[in-house]
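Here the structure is laid out as structure tokens; the discussion comes afterwards.
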Amino acid sequence: MDLDAVTKQSALHAKPDGLTLQYGTAGFRTKAEHLDHVMFRMGLLAVLRSKQTKSTIGVMVTASHNPEEDNGVKLVDPLGEMLAPSWEEHATCLANAEEQELPRVLLDISEKAAVNLHQDAFVVVGRDTRPSSEKLSQSVIDGVTVLGGQFHDYGLLTTPQLHYMVYCRNTSGRYGKATIEGYYQKLSTAFVELTKQAFCSGDDQRTLKVDCANGIGALKLREMKHYFSQGLSVQLFNDGTEGKLNHLCGADFVKSHQKPPQGIEMKSNERCCSFDGDADRIIYYYHDADGQFHLVDGDKIAALISGFLKEPLLEIGDSLSLGVVQTAYANGSSTRYLEEVMKVPVCCTKTGVKHLHHKAQEFDIGVYFEANGHGTVLFSKAAEMKIKQLAEELEEDKKRKAAKMLENVIDLFNQATGDAISDMLVIEAILALKGLTVQQWDALYTDLPNRQLKVKVADRQVISTTDAERQAVKPPGLQEAINELVKKYRLSRAFVRPSGTEDIVRVYAEADSQQSLQNSS
């Protein structure tokens, strides 16, 4: 490690005085003009992580659903998963080190993580369409090269596509080809195979309007759509030709404002969906005949997918475990539907995709979606092997078809991470196979009225929680007061939890009616 070269190069990416950032679930995010030094240093860190794991590591330059002026960066671990928690701490420490401390911090991380500095390193880089992303991704590459790491710059990619590339490279191509064409072919082939026998009640059911949030999803979906054009026609809106990234559009806008994005025309009962800026979230919605807006969020996506998966699992008669993972924000009606109607086990975990992902790995087939539309289905290696084996060996036609259907679903999901394009194709395949309209899907259960608030506080650490953030343990008396209020209303619940990054407390409440909800608020 040539620390003199690092010091010299770092001076060209100098850290602003007094700036402190925290690596969280979404990596680093802030105004783009404050991130040059962070990007350079994450290039350094990616090389150390690559040397330690003897694997390809990914670096994605994006701020997802944040405004266009922001940017961010996150590292992708060897199997396409998020960075290990111990390395999140290293990332924070490295990003916040003053210039003169940088060599010492790099050596300290190398010693603590037992990095073999003579090991080769390889890093892949991707970026979204923000005006700042190209320059910032070059800063990452500067960090990689000064430590002697090799790199491949994929340029413009969705975040899930970069996760896919990392996974492919570290499984020697067994997961798929580490090219954008490989990604398109893998997903579209599985979609076409899965929908061959689909029942379709009319051409309109196979047309989908997609709000791309003026982001990278538009570019990639436009490139991909001819691969599956016979099975699904997608119409792109907010495609980046005009309008700002995530401004009055995108999954986060639709979810939080409970209304359609600007720039999309909706007819009655048309299926529409929105991606977020880096295409790792998806939300569905429609207008009914009376012009009423209906949101079909991540909870209903999880209900649709888990219900679909249960049928072929029962058909093949295997004992593979299927479970759904939710957070405290999941609507109570969705939990009751899954447990009482679908008879699918549900468990709750702390907010944040990394917690959901980890918990989902406890099942042979784990389904997780946050209400905001970020999620996927994870198949364990044992389940994957078992299903592929059954698809080849089962003699009874109906059972073999069921196993083959599950095999196609495995190939269709980007299991490395939540992926709006992958999720969209799975949802469209299920709706086509089951002959469901978006209204019928929405009618699986009725959401309980709910409300979320953010309350600014002087110190968020005065509140701490347990039971997957559903119960407050301090300050004393807070949970008791919530319990007394909740008792007064039918099917009601409420919780408070501190933000992970800022001095804000988030409050959630739901009840059997809007009147009860208003009274409890």
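Placed from the backbone N, Cα and C atoms, the Cβ positions cover glycine too.
Annotated by TrEMBL as coiled coil, the relevant range among 16-43, 380-407, 464-491 is 380-407.
Cβ proximity to the Mg(2+) site centre (mean Cβ of Ser64, Asp276, Asp278, Asp280, cutoff 8 Å) flags the following additional same-chain residues: Thr62, His65, Asp128, Thr158, Thr159, Gly215, Phe275, Gly277, Ala279, Arg281, His374, Ala420. Looking only at the binding-site residues Ser64, Asn372, the densest Cβ neighbourhood within 10 Å occurs at Ser64. Less than 8 angstroms from the CB of Asp280 (Mg(2+) binding site) sit Ser64, Thr158, Thr159, Pro160, His374, Thr417, Gly418, Asp419, Ala420, each of them six or more residues away in the same chain. In this structure, Glu370 is the one among the binding-site residues Asp278, Glu370 with the smallest number of other Cβ atoms inside 10 Å of its Cβ. Sequence-distant contacts (6 or more apart, same chain, Cβ under 8 Å) of Asp276 (Mg(2+) binding site) comprise Ser64, His65, Ala213, Gly215, Gly217, Asn246, Gly250, Ala251, Asp252, Gly373, Ala420. Neighbours of Pro498 (substrate binding site), defined as other CB atoms within 10 A of its CB across all chains, total 20.
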